[in-house]
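Visitor: Quick paste from Swiss-Prot:
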type	residues	note
REPEAT	18-106	repeat 'Solcar 1'
TRANSMEM	19-39	transmembrane segment
REPEAT	111-197	repeat 'Solcar 2'
TRANSMEM	112-132	transmembrane segment
TRANSMEM	182-202	transmembrane segment
Amino acid sequence: MTFDYARRYMPEDQTGKTTVVGNMVAGMCAGVAESVLVLTPGENLKTRLIDDRAGARLYQSSTHAIRTIVTKDGASTFFRGVLPVTLKQSNSSMVRFTSYNQLAPMLQPTCGVSTSVVAGALAGVITVYCTMPFDNVKTQMQSLDGSRIYSSSWDCAKKLVVNGGPRRLWKGTTPRLLRLSVAGAIAFTLYEEVVRLTGFLVLPKVAAKAPKDAA
């Protein structure tokens, strides 16, 4: 919904379609909203729980983990690593939506009814390679020892490259590639089907206000 809402305010080309830049900006807006409101708190909690199960066993449940983290470290802990998450998610949404909206019209004559599946899968592949470094930095920053080892997201990225080479930033690409290509195919197919059946997601463009006549 954020993407469609933001796209209402984006410029159109001569055919009445949102421009490439418009799709990119709308995608980034969707990514920022998703990152700040949902992903960063959720990813911090998930990473803490995974690390805890492999180590000290400080948390009895998700609810207990939330209470303990807020009491001990403050609510701001849930937004630790918000910069790399936002960079990753805004870029991810920008690449995913822009790629899909560029690929779908090109593939339509060849793929027909399968266009959304193929375009969604390809958009997922492109997204993985463009955003994997942000994902690896985010994961390292949100680990239990992240705040002790790394002073910033940039410091984390530098240490990953120094210790493992540039390829370290793309570690774990293959499993994520499989996951996002399948997820992209399913998500965009469902999205297009919902739009086709209901039409409620396609919001009208905001018309420009005509200037008032001079008195």
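Please read every residue number as a count from 1 along the shown chain.
Each Cβ is built from the backbone N, Cα and C atoms, and glycine gets one as well.
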Visitor: What does DSSP give as the helix, strand and coil breakdown of the repeat 'Solcar 1' (18-106)?
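Guide: Helix, strand and coil residues of the repeat 'Solcar 1' (18-106) number 76 helix, 1 strand, 12 coil.
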Visitor: Give, as a single whole number between 0 and 100, the mean pLDDT over the repeat 'Solcar 1' (18-106).
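Guide: When the pLDDT values over the repeat 'Solcar 1' (18-106) are averaged, the result is 85.
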Visitor: Residues of the same chain, at least six outside the transmembrane segment (19-39), with any C-beta under 8 angstroms of its C-beta?
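Guide: The answer is 2-4, 6-7, 10-13, 79, 82, 85-86, 88-98, 101-102.
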Visitor: Within the repeat 'Solcar 2' (111-197), count helix residues (DSSP H, G, I), strand residues (E, B) and coil residues, in that order.
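Guide: With helix first, then strand, then coil, the repeat 'Solcar 2' (111-197) has 77 helix, 0 strand, 10 coil.
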